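Trainee: Sharing a structure below in structure tokens format, with a few things to ask.
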Amino acid sequence: MLLFLLKANIALTLFYLAYRFGLRRLTFYTLNRAFLLLAIVCATVCPFIRPETIFRHNRPFSGAAMGYVINFNDLRQPATSWINVVLIYVFWAGVIVMSLRLLMQLGSLWVLHKSTSKDKLFDQKVRVTDQSLQPFSFLHNIYINPGMHSPAELSAIMRHEQVHVRQWHTLDVLLGELNKIFYWFNPGAWLISIAIRENLEFITDRYMLRQGTDIKAYQYSLLKVSGIPYATAIANNFNFSHLKQRIMMMNKQRSSKYNLVRYIVLGSLMIIALVSMNYTRAAITVRVKKALRADTTVTPAPASPLAKVVPDGKEAPPPPPPAPDAPMMHTVPDGKQVPPPPPPKAPKAAKAPKDAKTPPPPPPPPAPAPNAKTITAPAPPPPPPPPNPADSMPMIILRPSAGMQASTGQPEVYVNNVYKGKTIPDESEAKNIKSVMVFKGDGVPAQYGEEARKSGIMFIYTKDYEGPDDPAKQEKANTVMKIEGKQVMMITRDDKKAVH
């Protein structure tokens, strides 16, 4: 708040100095009236304007992503010092006193208004009083004591006050009084109020002279009423300002139109001064740069893996596939990790019989006609890279099911139709296995006994075994799992599910 009052009072003082030393002696009284009224309005409104929000411009994005962590401790408002508190209380105390002063003046004017009576002078409505007061006007009312003036003086006074009424000069006076209430501590506010009243009298005097009023008689009437006291300071009194200054301005020649440049120059200077007081972008920029320098690090964003484009506009071929990963390790029941078995070897091609004849090669294609157009088929796309052998390698894990272990224990194991007890081969031996068959419950052949039905029976056949690999030939097996090459099949009789 104190900063606002400081800016407003500086602006008010600058406007008054510009009027006092640059415009007061010019005869452009209507422009001076507008300048003084704008001075009060601009001094009050301009401190709220932020030029950085009006002249904001967008900067191009730099392309680097930045992160900024706000330090909320810096946003805390510092504690107000006791001096600022005292100044604020003094300011509002002055506002209250000046407001009471204005209310007392309006109250005294209201009492005077009630004591007057309506009448007409020169076909103009007036409020007649019997008190010894200077003639004055307030809003649309003219107050006068006819017994204190001659008929010639009354005619000039009535025309003078009628100018104040028609041009609403009372509003200018009230605006100056309100300005003094809020800027009571600034001498510029009091001086601007005096300048407003003085300029209004200059406007009225010029109008009187343009209407053909005798200048000598008019000046004499001003001199005669100079000793009569004022009714109230907030009214447009007939003889408010010093007679010397008013008489000098009435005798002054009209100012040249070239002096209108002063209004342009002084108005521009006032705008620049007000904008410079509110333009705080430099200070804000410095604070932000310091905070960014202390709290942030700029890291360029990683480039996206986009395909490269060759000069002819065609997309470059994709990069070669990455090197295959290390083979996945597998776990056997005893907890050891072993590499998966290698892929099976491709079968050898069958030898052709000796007496077979080699078929002749196919005949060459016929030559194209002379007028025929040759159409070249586009080259086929390159074949995809071969799959990783480790990914297509079958995995054989010899474990009994959880249900079999819980209910019957380890199954009986036969390797190449040779009983091996209940020891399941580990995964290191799985690479030599050709097929595996598991029987359980009623699916166990009767020749293997009741114990085999309870625990289950497993037949394992290796690749080098040449005997029969289906001794039981059971079709009602509870569980059958065949592992041949890359195909793994498990059939479950109880839940009717098949997994391939």
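In case you wondered, yes, glycine gets a Cβ from its N, Cα and C as well.
Positions annotated as transmembrane segment by TrEMBL: 6-22, 34-50, 82-104, 260-279. The domain 'Peptidase M56' annotation in TrEMBL covers 150-250. Positions annotated as region 'Disordered' by TrEMBL: 301-393. What TrEMBL lists as compositional bias 'Pro residues' is 316-325, 358-369, 378-389.
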Trainee: With DSSP as the yardstick, break the domain 'Peptidase M56' (150-250) down into helix, strand and coil residue counts.
Mentor: 75 helix, 2 strand, 24 coil
Trainee: Under 8 angstroms, Cβ to Cβ: which one of 6-22, 34-50, 82-104 has the largest number of such pairs with the transmembrane segment (260-279)?
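Mentor: Answer is 6-22, with the largest number of Cβ pairs below 8 Å.
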Trainee: Do any residues, 6 or more residues outside the transmembrane segment (34-50), come within under 8 Å Cβ-to-Cβ of it, and if so which ones?
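Mentor: Tertiary neighbours of the transmembrane segment (34-50) are 3-4, 7-9, 11-12, 15-16, 18-19, 23, 172, 175-176, 179, 182-183, 192, 195-196, 199, 263, 267, 270, 274, 277-278.
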Trainee: What else in the chain is close to the transmembrane segment (6-22), if you only count residues 6 or more beyond its ends and a Cβ gap under 8 Å?
Mentor: 32, 35-36, 38-40, 42-44, 46-47, 179, 183, 185-189, 191-192, 195, 262, 266, 269-270, 273-274, 277-278
